[in-house]
Amino acid sequence: MDLMDSGEKFNPRQDWDTTVQFLPASDSKHLEKTPGRRRKLWIGVGLVLSAAAVALVTGLLVWHFQLRSDVRVNKVYIGSMGINNQRFLPAYEDHRNPQFTHLAGLVSKQLKLIYSQNSVLAKHFKGSTVQAFSEGDGGDSVVAYYQSEFDVHVLQQETLDKAIESLDPAAQQGRQGRFLKRVDALNVNNVVSRAIDPRMTKKSLVERKSFNIHVSEAGVVQSPGFPDSSYPPNVYLQWRLRADPGHRVRLDFHTLILEDDCEQDFIQIYDSLAPIAPRVLTEQCGYPHDSLSFLSSGNVLLLTLITNEEKNFPGFRANYSQIPLTEQKCGGELTLEKGSFSSPFFPSNYPPKTTCVWTIEAPKEKFLKVQFNKFLLGKYSSQCLNDYVDINGQRLCGNKLKSNVVISRSNKMTIKFNSDSSHVDQGFTAEYEAYVPTNPCPGRFQCTNNLCINQTLQCDGWNDCGDSSDEDNCKCEASQMKCKNGRCKPKFWECDGFDDCGDKTDEENCLKCKPGEFSCRNNRCIPEKFKCNGKDDCSDGSDESACEKSLVLQTCSEFTFSCRSGDCISKLNPECDGEKDCEDGSDEDGCQCGTKPYRSSRIVGGEASRKGEWPWQVSLHIRGTGHVCGASVLSNRWLLTAAHCVQDNGPNKYSQADQWEVLLGLHMQSQTNEWTVRRNLRRIIAHEDYNAFTYDNDVALMELDSNVTLNQDIWPICLPSPTYDFPAGQEAWITGWGATREGGLGANILQKAEVRIINSTVCKSLMEEQVTDKMLCAGVLKGGVDACQGDSGGPLSVTGPSGRVFLAGVVSWGDGCARRNKPGVYARVTKYRRWIKENTGV
Ligand code: 4AZ
């Protein structure tokens, strides 16, 4: 039974409230169609009459929009109002209860009165319906949520919007009492209304339902069908979450996978019980990576889901709970010389309408500095009027700081955090420290942005300060080159295809050939015009290997793609790029590989991936031990891993198939889920030339004992042809459950990290010439990001031009993990393409 059939699946106190319908606004499209059709009719009359036709149509348009009184739309506004002299009663939660009906009647009357005091609103007002009530802030008040409908001429919609916005408390300052006092029954404040989001009133939305959920007992809310099937098309669902008085609602997403386009499918979360635009905390679609944990300011929260006809995805699952408002009171006095503080509930999103004030007081002779490690405060606005941090009167907002260190030239600091009533974000973490003004960085280097770094990091070629001040005014050593901007960089970074200087000077003058000439890979120079002419002018084929258009060549080379027919073509990486380049189409054969079901979009320096993000990733388990290595799915029967994973080691007979169990479609090691598939192995084929000393040919094939059904979480990665080029500087991804730092423990959630392909000559010199031509290097030379123990055998994934993902490498070895100037070394898969085909047929 899925969620659409029964609300009870979630919580005994939750029910579908199907009687409360969200009114659709009239479809304004039909208003535009009539003049368009008329115009079309007249255009057919002919050239002679065209001028007259245009005049006539123009006249018709003017008449249609300006003068006709029946071109009207039904405008719907969603709003809330505070009612001061009422106590919230449990009966107000049930719209069928007479007490609900009574108060709803008073609210409707009140709204009518308010609108009657504005000539625009009075003229077009049709009626209001109350959707829900909740406790007000103080306890002695109630908040009413309503929608009001207006019948307005199509051209007057904006005027109506303005009139509605003029009722906002900010616009009413000084005037609010005037229209409110005249009412006998209700004492109202904080009237806020906005036009309904047009995506909520689409005629195509066939199902509109609302759930009421009490979160006093923690529970789960999920989209209909989750996780067994996709969410249904054309629905508008609302989940109204209520906590006990004096509590907040907390909503933590476990999974959220929707269509990428927010115009089609999306969720929204409101700090309200009705979808009032100025109370929206977030809108999400696709496969978001941000923090997906939300808190209300009061005791209510609204979650909405809107879907369209096409492309329906798995949906979401979220845990709800409540926490006392008094918990996690932020701010306070910080009296230690060193410490840290963060926005409320970090790393969850901070709640709306929250203010925290921290005061720091250091000994009199010292100054203070605050360093922000993370700073995400929503969209930037020049005056920081929404969410902000104020340090001694200086406001910071947005998610990019000019400098992440702020100093105070006194021993006192006041830091204020403020969030407004909409759009929340993850917030900040900060460390503070008192320092002696004459010596701000004892024994360390002081960056221009006031950060202190180890002196050894100065002039080492890396931007450690963040503002590059540690790399300015350096005297370059013999092993370094001087960039035009004055920085020093290791000489072996010259001409590696990557802008290391920051002004590209390390990539200038790299061509050994004259202007107008092409440099072949074998260092010969040929006239530029000979490039991509279908002839092998370099005599190594490199002038015909990277052409935009594919020409059938007379000669094949190690740089050209061979079609099944034996023809060679001149295009770079033509396989599975969505274009038929070979006459026999063989470059596009077997190209179902390498697609991710969701765009997203251990590993040291990585982050948790989302479920299903790397469907070719496999976890290889030794029975009784658990995860040992990674592997990649090549087909429904074959995996590729590292040969060093399947070598016998004393009593451990890793080369024997029966020692292994493989897990496909796995996300968390601790939690196999509904999509995880376990298989035994039929056989293991380690490369016959694997060298256990040099790690050359570190590849092995594994055959499953029975085929797996490919699905959104188990999918093969594309194998590159022998001539596929992965140029230096190209982005690649590493994934695995290996150690998260050198010598550390493995990860529970599959980790991912972005690295870059590194020039082979550079890599050989960095790795003491131990890198062979059958290996490929990738990493981040600055250090901090790398594959590590337990990632071996796993994929180095590179996205090709058509979006398909190719297996560039198999995690093999390295000098420790994530060390500076020590990239990871991978088995170069292009070198094993034929071997794979011969052994597996894939
Ligand atoms: C390993 O021990 C290992 N930094 C894998 C990759 C790397 C280092 C060690 C690369 O399996």
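Positions of Cβ are set from backbone N, Cα and C atoms, glycine also.
A quick note: this is a predicted structure, and the numbers were derived from the prediction, not measured.
What TrEMBL records for this protein:
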type	residues	note
TRANSMEM	41-65	transmembrane segment
DOMAIN	73-198	domain 'SEA'
DOMAIN	209-323	domain 'CUB'
DOMAIN	330-435	domain 'CUB'
DISULFID	Cys447-Cys465	disulfide bond
DISULFID	Cys459-Cys474	disulfide bond
DISULFID	Cys476-Cys488	disulfide bond
DISULFID	Cys483-Cys501	disulfide bond
DISULFID	Cys495-Cys510	disulfide bond
DISULFID	Cys513-Cys525	disulfide bond
DISULFID	Cys520-Cys538	disulfide bond
DISULFID	Cys532-Cys547	disulfide bond
DISULFID	Cys556-Cys568	disulfide bond
DISULFID	Cys576-Cys591	disulfide bond
DOMAIN	603-841	domain 'Peptidase S1'
Counting all other Cβ atoms within 10 Å across every protein chain shown, which of the disulfide-bonded residues Cys476, Cys488, Cys520, Cys568 scores highest? Cys568
From Cys459, Cys483, Cys488, Cys495, Cys591 (disulfide-bonded residues), the ones whose CA sits within 10 A of Cys513 (disulfide bond) are none
C-alpha spacing of Cys568 (disulfide bond) relative to Cys476 (disulfide bond), in angstrom: 48
Whole-number Å distance between the CA of Cys510 (disulfide bond) and the CA of Cys465 (disulfide bond)? 29
How many neighbouring Cβ atoms, not counting its own, are there within 10 Å of the Cβ of Cys510 (disulfide bond)? 11
Here's one to test understanding: among the disulfide-bonded residues Cys495, Cys501, Cys568, Cys576, Cys591, whose C-alpha is closest in space to the C-alpha of Cys520 (disulfide bond)? Cys495
Using a Cβ cut-off under 8 Å and a sequence separation of 6 or more, which residues in the same chain sit near Cys465 (disulfide bond)? Cys447, Thr448, Asn449, Leu451, Ile453
Just to verify: the residue among Cys447, Cys556 with the fewest other Cβ atoms within 10 Å, which of the disulfide-bonded residues is it? Cys556
Secondary structure at Cys488 (disulfide bond) (DSSP, helix/strand/coil)? strand
Which numbers of helix, strand and coil residues does DSSP report for the domain 'SEA' (73-198)? 52 helix, 42 strand, 32 coil
Subset of disulfide-bonded residues (Cys459, Cys474, Cys495, Cys576, Cys591) lying within 10 A of Cys488 (disulfide bond), CA to CA, in sequence order: Cys459, Cys474
Comparing the Cα of Cys538 (disulfide bond) with the Cα atoms of the disulfide-bonded residues Cys483, Cys547, Cys591, the shortest distance belongs to Cys547
Cys568 (disulfide bond): secondary structure state under DSSP, collapsed to three categories: strand
Do any residues at least six apart in sequence from Cys495 (disulfide bond), in the same chain, have a Cβ closer than 8 Å to its Cβ, and if so which, in order? Asp506, Glu507, Cys510
CB contacts under 8 angstroms to Cys532 (disulfide bond), restricted to the same chain and 6+ apart in sequence, sorted by sequence, are Asp543, Glu544, Ala546, Cys547, Glu548, Lys549, Leu551, Ser570
Please list residues from the chain of Cys576 (disulfide bond) whose Cβ is under 8 angstroms from its Cβ, counting only those at least six apart in sequence. Asp587, Glu588, Cys591, Cys593, Gly594, Cys718, Gly800, Ser802, Arg804
